[in-house]
Amino acid sequence: MKRSADDRDRKLPSATDVKPVFITKEERQRLALQRREEAVAEQRRAALDLMQQNHHHPPRPPSSEDPQPPSDNNDRRDRDRDRDRDRDRERDRGRDRDRDRDRERERERERERDRDRRARDREREREDETRSRERARAEKQAERERSKELDAIKEQYLGSKKPKKRVIKPSEKFRFSFDWENTEDTSRDMNALYQNPHEARLLFGRGFIAGVDRREQKKQAARHEKETREEIRRKEGIEERPEEAAAQRKKEAAADLYDSFDMRVDRHWSEKKLEEMAERDWRIFREDYNISFKGSRIPRPMRSWPESKLRPELLKAIEKAGYKTPSPIQMAAIPLGLQQRDVIGIAETGSGKTAAFVLPMLTYITRLPPMSEENEAEGPYAVVMAPTRELAQQIEDETVKFAHYLGIKVVSIVGGQSIEEQGFKLRQGCEVVIATPGRLLDCLERRYAVLNQCNYVVLDEADRMIDMGFEPQVVGVLDAMPSSNLKPENEDEELDEKRIYRTTYMFSATMPPAVERLARKYLRNPVVVTIGTAGKATDLITQRVIMMKESEKLPTLQKLLDDLGDKTAIVFCNTKKSADARAKDLDRLGYRVTTLHGGKSQEQREISLEGFRNKRFNVLVATDVAGRGIDIPDVAHVINYEMPNQIDMYTHRIGRTGRAGKTGNATTFLTLHDSDVFYDLKQMLMQSNSPVPPELARHEASKFKPGSIPDRPPRRNETLFAH
């Protein structure tokens, strides 16, 4: 198909005549493809016309008159077409470049306008702010001038008004408080007998009938007889005969021995065999270790590891772990656990509670069928729940220490780690799961774990779990266990020896109402074991409280840490921000310091704890995450840089020192902002015979429990001191 002459001769419009049209990149591509398709179609049509001409007019020998061959015409036509196409393409490219350049210039102008506008706005805002400040200052100045002027006019015409003196009623002035406090007892100062109250021999004759020791009586009688005879001889001037002296020595020797009448009370319980122990011996044993029970059908506590009835493998593991004698909570709780009784253990911090529930739990698991492909899908045999990741991992370490002797597999399920990996470990089968309540409930809801054969539950630091708001998660986990295995509520009902019943251990340093509510719902006829006094710190800790201003805290802390030497200390703060700030201050002062709080990742928390245990760091700045259950050996000093809001938390914090029979120091920085805990802190210091600072003893807030109404209104000077 040939192009017409007027098409070829048509002049191309110049760039100035045609108004530019802006099209998108996709549109340009589509037009280029369309032009290419038209060119190809035109070439095909030209080739087809040529073939038809050759078919109707066969070639003949060329002659000089013949016109130029058609192939030359075709070549020329193709060249013209290619030239036109190249020219069109070049023109399109030039037009695109111009259009892009114009667009870029327009954008640059727009950006310049925006910058100018923003600068003008900022300048205007600054001017407005300056004007408003000046206006406010002028208004305040004018107001002060007006006020002064009015006061001057009032004073001139009305006279100055003197403040009226407050009249105190006699009933208020002479109101008498009939309640005595320990600090008001002056008898200690007035009477010499009260100066040394411990001089009385409190244990003299303990366990004897009417508190009378027959041997002591005979000794005193022999001594009295000797002194009387010597007095008579001296008066009469008679010398002692040898036979009399021999008889006297014989009497003294006989007085030092027990006769047949006294043989019933001859030895202390520690010198007797287990079968020789009488009820009186057990009572003295419980008094010696400050153990008290509440419940029915309570088994005897164990006196030593060989008497514990634990498996030989566990006894060997205990010996290798270096546990020579059981702690009081272990003496009381392990026999109960071996009988699968439900237990509520209330013991001071650092008393060895972990081994008290781990050893009976492992003994229980050894009586069950070993884990295999048939039963591993039904879940673990036992679950231990703890409030924090660090405590859960510490319990895991303690459990593994004993479990690997029995071939028992232990898995830890805590936050901060991959839940998929933990689910994979659970599916491989394990006998014991140690977990935080939130992550364990996640695993149960996502079907990574089931608790179809779990009949042994331990809630460690139960009060802390409730405080942290984990009660719904704990209840969710307990409800996921088979309820058919709960013991009957009637304790007189006989238990089926062939059945496995659920055993629940609950350990806590304090017993708030929420924990009691949980215990009533899930524990059946529990035995309450109390070691010492609930909520009380151990006597091995020397407590010291210093009243100070906020600005005095850091220099005092620096002085305490300088006195440490090569020992370790934990500095407690109430918030993550405060802990980070204190750590930065101490690091700047050159101390080897690390931090531990809820804002750190799990890996960072583990590194901090490990470094502190290995003495790479000697100061740990922490929040209450480290206040519960975490066992770091040989912490010499606990410093409460900020006093906690609750006295229970104070007990747990200072319990990080003075552990496993060792002594420790606890120092607390107290300010007037901590008045909510003044009363409880003062009571605790008095109970533990620790010094009470005079500022705390005198403060009004320390004399009455928060929320109670005082018997008399506070005096004026006391109110001023409080503020």
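Positions of Cβ are set from backbone N, Cα and C atoms, glycine also.
The model shown is predicted, which means the values in this text are computed figures rather than measured ones.
Matching 274-302, 303-331, 477-505, 680-708 against TrEMBL, the residues noted as motif 'Q motif' span 303-331.
Across the domain 'DEAD-box RNA helicase Q' (303-331), DSSP classifies residues as 18 helix, 0 strand, 11 coil. Taking H, G and I as helix, E and B as strand and the rest as coil, DSSP gives the domain 'Helicase C-terminal' (556-700) the counts 65 helix, 26 strand, 54 coil. On the 0 to 100 pLDDT scale, the domain 'DEAD-box RNA helicase Q' (303-331) averages 87 in the predicted structure.
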